[in-house]
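Lifted from TrEMBL, the feature list:
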{"type": "DOMAIN", "residues": "2-375", "note": "domain 'Amino acid transporter transmembrane'"}
{"type": "TRANSMEM", "residues": "20-43", "note": "transmembrane segment"}
{"type": "TRANSMEM", "residues": "76-95", "note": "transmembrane segment"}
{"type": "TRANSMEM", "residues": "115-132", "note": "transmembrane segment"}
{"type": "TRANSMEM", "residues": "144-166", "note": "transmembrane segment"}
{"type": "TRANSMEM", "residues": "178-198", "note": "transmembrane segment"}
{"type": "TRANSMEM", "residues": "210-233", "note": "transmembrane segment"}
{"type": "TRANSMEM", "residues": "253-281", "note": "transmembrane segment"}
{"type": "TRANSMEM", "residues": "293-312", "note": "transmembrane segment"}
{"type": "TRANSMEM", "residues": "318-339", "note": "transmembrane segment"}
{"type": "TRANSMEM", "residues": "359-379", "note": "transmembrane segment"}
């Protein structure tokens, strides 16, 4: 829940004003709710009325909903969406890495795109990652670096309290900028694709709902505190990546820490995306499923794809808004509510049905509007 994309939240507040604070809280509540109903879709009641886990993955839920149309249609759609979201996440890490390096070494005559290529070279060993054990160790280091960064930024902002002013919040908003901010905020909370595996690996799955409540609560508090203190400090001068606003003596240090975090974060979505592809190939009974050459080819292709996308779309906030609007909204709002209605319709109360339908409609509208505005923003930048 606390990824590097939190760095875009102050910029989102710049374009959403007071409503941005409400959106951060509302997104946390909605994401917590859809996480719960998604996990509910993994269970069915037996003859004694006891809940039994009959499904294991997001793909299984999708296949159960679409089995009348095609036994595997839903799973294919979900897998494609998951892979796109994971790859977009990897692309964002490369974009951020190039941005951080260019601002850390402004006197080096190297473009931001070239810095992204340099960062990409350090990620080439990802081709040889074969187990989650290595990824988990990298993720632990990543989490430690992340909290240090957030703490440093908040402490600096607190030292600037004397210049804070609520007048910095905009009362009149540009509708299109606001919708891009919605995508940014949504993407900062997306975690649904990992929840079925997480719940299945818990020692006591019965505590999942409580865990989800507390994690989203603390995530909301931290995101709101970070975004608010940063925006009150810089106001209209808030940049897409908030660390660009720091004074030079802190910016280089924090940017290097962020670079470390971005590079350490990359292997997790990269590994997850390649594993989904391998799983699909395995189900088709391909004899070369575990071929070392095939593994290197797939991983190498994914690595190259992320580099090419990072080179041609080097705009952090707009790319994050587009990702949140497309895959983030689908995996976080649209599909969980749709699947819950499909699988549990007869057992849901009227209010529960209304809640699911409302979440679906809200997610659809936000996704559609966000897609249009983000693409329009990207096209204007390229022109």
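For all residues, glycine too, the Cβ spot is worked out from N, Cα and C.
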> Hey, which bits of the same chain come close to the transmembrane segment (144-166), Cβ under 8 Å, at least six residues off its ends?
Replying inline: 2-4, 6, 222, 225-226, 229-230, 232-233, 235, 242-243, 246, 250, 253-254, 257-258, 260-261, 264
> Okay, the transmembrane segment (253-281) and the transmembrane segment (76-95): do they have at least three CB pairs under 8 Å, pairs separated by 6 or more?
Replying inline: yes
> Looking at 210-233, 293-312, 359-379, which one has the highest count of Cβ pairs under 8 angstroms to the transmembrane segment (20-43)?
Replying inline: 210-233
> Under a Cβ pair cut-off of under 8 Å, which of the recorded stretches 115-132, 178-198, 210-233, 359-379 contacts the transmembrane segment (293-312) most often?
Replying inline: 115-132
